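Here's what TrEMBL has on this protein:
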type	residues	note
ACT_SITE	137	active site, proton donor
ACT_SITE	422	active site, proton acceptor
BINDING	96, 97, 98, 104, 105, 106, 107, 108, 109, 132, 133	acetyl-CoA binding site
DOMAIN	18-165	domain 'N-acetyltransferase'
REGION	1-25	region 'Disordered'
């Protein structure tokens, strides 16, 4: 694609108009340098990771230029992500950064506008990202779609309920992750459909996940693998941090990732992780908001949890995205959508949907809801409600109850989750 100047109408008429062009493999080191400077990261580590585990799709790299100088970057990966109704091809946006001397001058806006147009041209209805800061991406039409939980539990209070499902046919063994990689991949693949938001992993992504960066007593990466008569049923990737205080053991189990295809396998993993000798606590770095651990503990109050924003979702092609998912209840509503960075989505749309399918079409009918594209992104996976935006005064409800009815239709029975950082 050509490097046509990208103009952001939200900026002053005398503001610079930046050139945005597609990158090449030759541009990659400079793109990494700009991104790392913007986010205060190590250029050497980033280039080493890419050399060892090449994941960059260079034809999906965009560069913003000031003359011949690269002053901004935005990348994306072509992913398959679980969504309501099945897997969907999405753009996984990453590598977004602006050179510090060029901040707040429209560079990011130019990159986002061009990237959305490119993603649309690829036929991908959704874009998703992890945000370095929570206040950046809503203005570009992204909505924070769900939260994830970081949980800490003291070993002394880590007993599960006596009626937690346990299966005596299951066995648990410890292994080096690389030695059981195929079984880990199988469990992950079979567990994917359980929740919306999960990313299918290729070989290079698995290599990154299993890369063992042991540092300063953090312990090596271990795999706890649960097997049943029909094969692997669950796994946990974790480290044990060796600590002693006043002559007493106070080690910490740090769980990076946990996946299972049955509750009994998950219980077996919990009980292993929560009862390692010479440890005093377990930390689960990333769990779904509604992870079963929160209800399987004998004393749930002992679980100290912190919830963080997780994946941000953007409807790139609004009618395509809304018609490409199932609905939990019938709904017939007119949406008046504001979308400054993807103007093809702006306007009034009639959504007619039931449990058998959906139809989205432009309309001149009076709107039931007036909302921003970011609100639809937040609600799309079923993890957040439009009613919350209505109560906050950020969404206009022209027809009373319209937001609640659409929430019911968009509802997902399990909280979305994404265990893959990108």
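Cβ atoms here come from the backbone N, Cα and C positions, even for glycine.
Note that the structure is a prediction, hence the values are computed from the model and not measured.
The active-site residues 137, 422 differ in how many other CB atoms lie within 10 Å of their CB, and the one with the most is 137. Separating the Cα atoms of residue 96 (acetyl-CoA binding site) and the residue listed as 'active site, proton donor' is a whole-number distance of 11 Å. For the recorded site, residue 96 (acetyl-CoA binding site), the DSSP three-state label reads strand.
Residue pair residue 137 (active site, proton donor) / residue 109 (acetyl-CoA binding site) shows a Cα separation of 10 Å. Distance noted between the C-alpha atoms of residue 133 (acetyl-CoA binding site) and residue 422 (active site, proton acceptor) is 15 Å. DSSP gives residue 105 (acetyl-CoA binding site) a coil state; it is part of no helix or strand. The binding-site residues shown are 98, 105, 107, 109; of these, the one with its CA atom nearest the CA of the residue listed as 'active site, proton acceptor' is 98. Residues belonging to the domain 'N-acetyltransferase' (18-165) score a mean pLDDT of 96 in the model.
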